[in-house]
Each structure stands twice: as C-alpha cells, then as structure tokens.
Amino acid sequence: QICNQHNAEAPKLEQAFHRMAQAEPNLDHDISWVLLPSHWAKIVVALISFLCFANSYDGDFVFDDSEAIINNKDLRAETPLGDLWHHDFWGSKLSSNTSHKSYRPLTVLTFRINYLFAGGFYPVGFHVINIILHCIISVLMVDVFSILLGGLQFTNKGRRLNLAPKTSLLAALLFAVHPVHTECVAGIVGRADLLCALFFLLSFLGYCKAFRENKEGHHFSVFWVLVSVLLGAVAMLCKEQGITILGLNAVFDALVINKLNVLEFIQKLIRKDKLLENAGLLRKGLLFRITLLMSGGASILYIRWRIMGTGPPAFTEVDNPASFADSLFVRAINYNYYYSLNAWLLLCPWWLCFDWSMGCIPLIKSVSDWRIIALAALWFCLIGLICQALCSEDSHKRRILTLGLGFLIIPFLPASNLFFRVGFVVAERVIYLPSIGYCILFTYGFTLLSKQAKKKKILAVAVLGILLINVMRCALRSSQWRSEEQLFRSALSVCPLNAKVHYNVGKNLADKGNQSAAIKYYREAVRLNPKYVHAMNNLGNILKERNELQEAEELLSLAVQIQPDFAAAWMNLGIVQNSLRRFEEAEQSYWTAIKHRRKYPDCYYNLGRLYADLNRHIDALNAWRNATVLKPEHSLAWNNMIILLDNTGNLAQAEAVGREALELIPNDHSLMFSLANVLGKSQKYKESEALFLKAIKANPNAASYHGNLAVLYHRWGNLDLAKKHYEVSLKLDPTAPGTKENYNLLRRKLEQLQKKGG
C-alpha cells in the first residue's frame with residue numbers, strides 16, 4: 001500500500017527531498033582514503049572479515065556449546081520440530097521454573113539443520129556458518145553506514161545513492177575487524193547474536209525502502225514498514241535484542257526522514273505550541289508510522305510474554321551480584337560501572353574473557369573506590385555527546401551523533417538491568433549490535449580530526465594501524481576459542497579472581513585425566529567463592545576416586561548444606577557414604593537426590609548397587625529397572641541386572657533381560673558378553689559362541705572375553721579352540737583370575753588324550 005500525502009504539499013516536499021544530498025556536508029571530502037566502487041568496497045569488507053575469523057573454522061565445541069548443541073535434544077531428528085517453539089535455547093520447556101527463558105527457536109532451527117546436514121556433531125559446519133554470517137553482516141554494514149553517515153537519498157529510478165562511500169567503508173571495516181565480536185563468531189552459541197544482527201539490519205534497510213520517491217512526490221510504503229516490523233520479529237526469534245530495531249527505526253524516521261530537531265521539539269512541547277502543525281509530524285506521516293512500529297512491537301512482546309509462560313527466569317547471586325545488593329545506591333553504581341566496562345571493551349578490546357561473573361568484577365560498595373573514576377569518565381563523555389547531539393547548530397552533526405548514540409544505547413538496553421535482571425555481569429556477545437553505534441561515533445570523530453589536521457595522511461595511516469592491530473587481535477582471539485583449554489587458560493590473566501575460570505580450567509584438566517592439576521584449580525575456585533557448590537561437587541568426586549573419602553564427604557556435605565536441592569551432590573555424597581559402609585545414610589542421600597530430581601537414572605543405578613551390596617536383590621533389580629526406564633541406553637544398569645539374575649540362578653529371566661537390552665543397545669559389547677555367559681550356562685552353545693565372537697570383534701583386547709569364550713569351548717568340547725582363546729586371554733592379562741587354572745586343566749586333559757591316542 002502507498003500512503004500519498006496532501007497534494008498541495010507534494011511539490012515542496014519533493015524539492016526538499018531532492019536537495020537532501022546537496023544540503024548535507026560531505027563527510028568524505030577531507031578523508032585521505034581510497035574511493036572504491038560499491039561492489040569492490042563490499043568485497044574488501046567481506047575478505048577482511050573472513051580473514052579475521054577464518055582460523056576458528058576447525059575449532060571444537062567449547063563452553064556453552066555443550067549445553068546449547070551437544071546436550072540439546074531439540075537438534076535431534078527424533079525430536080518433533082514443533083517442540084522448538086515450546087522450548088528455550090537450551091532445550092528445556094519454557095513452562096519449567098528452571099528454564100532460562102531465552103526463546104530463540106530460529107537459532108536452534110539453524111543448529112538442527114547444521115546437525116542434520118553434517119550427520120552428527122561435527123563442529124566444522126557450525127563454525128563455517130558463523131563465519132559466513134559475520135561476513136554477510138559486515139557487507140550489509142556498508143549500506144547501513146552509508147545511510148547513517150550520508151543520509152537517505154534515491155535517484156528518480158528508486159536506486160539508493162551512497163553519499164559517503166569512504167566513511168561508510170571505514171565504519172564497515174571497523175565493525176568487521178572488532179575483536180569484541182570474536183565470541184559471537186568463534187563461539188558457536190554466538191549464532192544467536194549473528195542471526196539477530198542479520199535480521200536487525202534487514203529490518204532497518206527494509207524500513208529505508210519505504211521512502212523511495214516516485215513522480216508523485218514524497219510518499220512512504222506501508223508494505224515496507226510492515227515488512228520491517230516482521231523482520232524485527234524474526235530478529236527477536238533469533239535473540240531478544242532484535243526487538244530494539246523497531247525503536248531505532250522510529251528514531252531514524254524522526255531524525256533523517258522528518259529532520260526533527262529534538263531540542264526544538266522538546267521546547268515546543270514544554271511551551272505547548274501547536275506542535276503537530278509546526279513540526280510537520282502528521283504531514284509527513286511520522287505519527288502513523290510510529291504507531292505501526294509501536295503496535296507491532298507491543299504485539300510481538302505480548303506474544304513473547306505469553307509463550308514464556310511463568311514469568312522471568314530466576315538467576316543466582318553469582319550470576320549477577322549487583323542485582324542482589326540490598327542498597328539501591330550499590331546497585332546503581334555497579335550497573336554504571338558495568339556500562340563503563342562495556343564502553344572500554346569497545347574502545348580497547350584487549351582484555352577479553354569468556355565469562356566475567358563470579359568475582360571477576362568485585363562490587364563497588366563505597367564512593368572511595370577508585371573505580372568511580374570510570375563512571376565519571378563514561379558520563380562525562382556521554383553528557384558531552386548528548387549536549388552536542390541536542391544543541392549543536394550543525395544539523396548534520398546533530399543527526400549523526402544522535403544516530404550514533406541511538407545505535408550504541410538502544411540495542412544495549414535489554415542487557416542493562418534497567419527493565420529486568422540479567423544473568424551476567426559483562427558479556428562481550430551483547431555488544432555486537434551496540435558496536436554499530438561505536439563505529440559511527442569513531443568514524444565521525446575521525447572525519448572531524450581529518451578536517452582539522454594538516455597532515456591527513458598520517459591520520460589515515462594511524463587508522464589503518466588500528467585496523468591492522470584489530471585484525472591481528474581477532475586472529476589471536478579466534479585461535480583461543482578453538483579449544484576449551486586455550487579459552488579457559490586465556491581467562492586466567494584477565495580475570496584471576498573469577499572462580500568460574502578456575503573451575504573450568506580444572507574441569508578441562510579432569511576430563512583429560514590430569515586429576516592432580518585439576519584438584520589445584522578446583523581448590524582455588526572454592527577459595528575464591530566458598531559457596532561454589534559445583535566446584536565442591538567436582539572436587540569431591542575426584543577425591544572420592546582417589547579414595548580420600550573423609551575430605552570428599554566434608555565437601556559434598558557442605559555443598560548440599562549450601563544448596564539443599566543440589567541432586568548431583570546428594571548422589572555423590574551417597575556414593576562416598578556407601579564406600580565408607582554407612583549404608584543407611586547412603587540410601588537416604590540417594591533418595592534425597594531422587595526427590596530433587598525425579599528423573600535421575602544414574603542415581604537409581606547407584607541405589608541399585610547399594611541394594612546389591614546389602615543382598616536386597618529385588619530392591620536392586622527395581623532400582624536398575626527404573627534407571628533403564630528413564631534412560632533406555634543405560635548399559636551399566638542393564639548389565640548389572642543380567643549379572644545379578646545370572647548369579648542368583650535366574651537364567652531364564654537373565655536371558656530375557658539381556659535380549660531386551662540388546663534390542664535397545666545392539667552394539668554394546670559388554671551386554672553381548674553378559675548375555676553370552678548366560679546362554680553358555682543354559683547350554684545354548686552356538687548362540688553363546690556367536691555373541692562372544694561379536695563382542696570380541698568389537699573389543700578384541702578384553703582378556704575376560706577370550707577367557708570366557710575359552711570356558712565355553714571347554715564345556716562344549718572344542719578343546720583346540722578353548723586352548724587358543726585361553727592363550728590369547730593370558731597374553732592380554734597374565735593375572736586373569738581362574739584363567740591360568742582352567743588353562744592348566746585343559747593342557748593336562750589334552751596331554752592325557754594324546755597319551756591315549758599314542
């Protein structure tokens with residue numbers, strides 16, 4: 001649809017619109033910078049943005065990737081596609097009280113497509129898509145910056161003109177190579193920010209298309225305004241920040257399309273002048289378009305709130321300590337300090353960290369804290385920029401500074417703690433979009449300096465130097481994101497007080513089998529945060545495995561005292577108590593764990609082991625059966641059921657359980673082995689032999705497999721084959737219990753047969 005304005009006004013408006021480019025100062029005039037054709041500029045930006053992050057293409061799944069991708073059932077083909085619209089980003093039901101409430105179904109859908117095309121969890125495809133997305137976004141930034149810095153002007157044929165080709169190229173390059181973007185590009189979970197930014201920019205460009213002119217004069221297209229709202233909704237379905245584009249479109253409309261003087265507007269509002277007629281708001285359709293944007297935004301937010309279900313997510317004090325401070329003064333001063341840190345990351349992105357929570361940034365509790373200087377510096381700069389944006393006599397400066405501040409501040413608002421509590425202190429990923437505003441302000445500042453400088457080439461070389469340093473920093477930081485070990489260790493020098501950093505380094509070492517080093521980092525994590533229950537749990541686990549049971553029990557008891565609903569710690573405490581032969585306490589701990597996590601197959605498995613030790617066979621079988629119901633692929637629970645039934649003489653039941661297990665887990669060699677033993681005792685030698693051979697093929701170096709197959713052949717009368725497998729078993733494990741005795745018995749029998757034959 002096309003909304004034509006009053007015919008009497010059309011010629012004047014058309015002339016004013018045509019004069020837009022000529023009336024605006026040319027930002028490119030004083031820049032000693034190469035002028036490239038538009039397509040070449042975009043190719044350069046694409047290549048350089050690719051160069052920055054190309055070395056992350058073969059990185060692993062790191063940090064949050066495990067939960068959002070590897071452990072997310074929404075990526076699997078067996079999960080109905082409809083579930084994506086009812087689950088959060090991590091695969092939990094939105095209606096659950098434990099849900100993170102981050103609703104990003106379109107991002108999860110792209111992960112699912114990645115998974116299906118790759119045929120599994122192969123990170124290369126995920127990383128390549130992220131790199132391509134950043135390149136596309138950087139290329140789109142050339143067009144976006146040309147509008148924001150040069151204004152919006154179309155030819156008679158409706159083609160948009162780039163009135164600031166040099167400055168838009170510089171700003172796009174600054175965006176493309178900013179090191180703070182590494183988390184979004186090199187970390188696969190950053191796909192949410194990239195997709196959000198893509199549709200965010202498309203929404204803005206779509207809104208600009210609403211103002212193409214034709215022979216009838218100045219008009220706007222309702223169709224493109226609605227398309228812009230729709231793209232804003234899509235951006236929000238990728239990440240919550242996307243909704244802010246609707247506010248930015250309104251700001252752009254007022255400043256660029258309607259050339260609104262904000263200060264003059266406020267003064268007229270205060271004086272209660274005939275505002276609408278004087279400002280021309282109704283005449284140019286601004287109020288109608290803003291109504292469309294606001295209505296669309298309100299509808300999207302309402303639907304989002306209804307889907308979210310149970311209200312905002314619940315975060316803990318360690319996630320965002322300032323938000324839990326009792327004093328309003330402490331909360332306000334720390335929030336502002338966090339803003340200054342975000343601003344510093346944009347200005348000097350040298351100290352980057354995957355996580356800034358848990359003691360990384362101690363709370364400011366007094367005005368005597370020297371860090372107050374950072375707040376003062378931030379607000380000094382912001383107030384100065386705001387004053388220039390409002391009061392400057394240069395309308396061009398007012399427009400650029402206001403747009404720069406708008407793109408810097410408005411996309412950051414969802415992360416600001418002003419409207420709701422967020423689950424982080426500082427997060428580099430959330431300044432991907434606000435960096436657009438930073439690039440506008442930096443580029444505009446550079447043009448002002450170039451205008452005043454006598455040696456413009458020196459200034460241009462300095463900016464090239466900044467770009468080159470940023471490219472190198474991006475490449476270095478991307479390499480750190482390739483593996484968890486490099487990523488976690490890189491954070492030790494940036495946030496040495498962050499307990500989570502030490503915890504993650506310790507966990508990475510423990511996963512690699514280096515328990516001694518892991519203990520050191522876990523202990524440091526607990527020292528830095530004495531209430532860090534996850535570090536206590538993991539440290540307790542390692543000490544349990546090293547048979548340091550007393551300290552393990554102390555740590556796990558403290559963990560459940562601090563967090564009574566910590567099911568994993570209750571289960572591990574039960575395992576330790578079982579090892580200490582305090583069976584009643586162990587049983588109580590297991591049931592407490594199940595009380596707090598009803599679907600807990602591993603806990604039922606350990607409870608079954610406890611009952612087996614106490615010769616409570618029926619209880620043990622019931623516990624293991626519960627484990628397999630909750631987790632059908634729980635091989636250990638199936639195995640223990642088969643073995644217990646075998647040992648108690650229930651061969652028929654053991655065989656039935658074994659066959660049931662193998663139907664569910666057909667390639668599990670341990671199950672083949674256990675069922676083969678049962679079949680051998682039931683004198684089903686042929687079937688038993690087939691299963692033993694299949695198990696040996698899957699795991700040829702298991703001495704017990706060869707030893708038990710040898711026993712089967714021994715019983716069956718295939719003495720030569722029995723001798724062969726006894727020898728293989730003894731070669732693999734010379735100390736195998738019973739095998740040497742059986743082998744000696746077989747040898748004596750063979751010698752007797754040879755003597756009889758002789």
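The chain as shown is numbered from 1 upward.
Cβ atoms here come from the backbone N, Cα and C positions, even for glycine.
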Practice task
Have a look at 131-151, 551-571 and point to the one annotated transmembrane segment in TrEMBL.
Solution key: 131-151
Exercise for the section: Among 27-50, 243-266, find the range that TrEMBL records as transmembrane segment. Expected result: 243-266
Handout entry: Folded-back contacts onto the repeat 'TPR' (533-566), same chain, C-beta under 8 angstroms, at least six residues removed
Key = 499, 502-503, 506-507, 510, 515, 518-519, 522-523, 525-526, 572-573, 575-577, 579-580, 592, 596
Practice task
Run through the repeat 'TPR' (499-532) and tell me, per DSSP, how many residues are helix, strand and coil.
Solution key: 27 helix, 0 strand, 7 coil
Exercise for the section: Any chance you could find the range in 188-208, 243-266, 458-476 with the most Cβ pairs under 8 Å to the transmembrane segment (403-424)? Expected result: 243-266
Practice task
Please indicate, using numbers and ranges, the residues of the same chain that are 6 or more beyond the transmembrane segment (430-449) and have a C-beta under 8 Å from a C-beta there.
Solution key: 27, 30-31, 141, 144-145, 148-149, 167, 170-172, 174-175, 178, 180-181, 184, 190, 193-194, 196-197, 200, 241, 244, 342, 345-347, 385, 397, 400-401, 403-409, 411-412, 414-415, 424, 459, 463
Handout entry: Close approaches to the transmembrane segment (286-305) from elsewhere in its chain (Cβ under 8 angstroms; 6 or more beyond its ends)
Key = 3, 103, 210, 220, 222, 225-226, 228-229, 232-233, 236, 243, 246-247, 249-250, 253-254, 257-258, 260, 276
Practice task
Could you pull the average pLDDT for the repeat 'TPR' (601-634)?
Solution key: 95
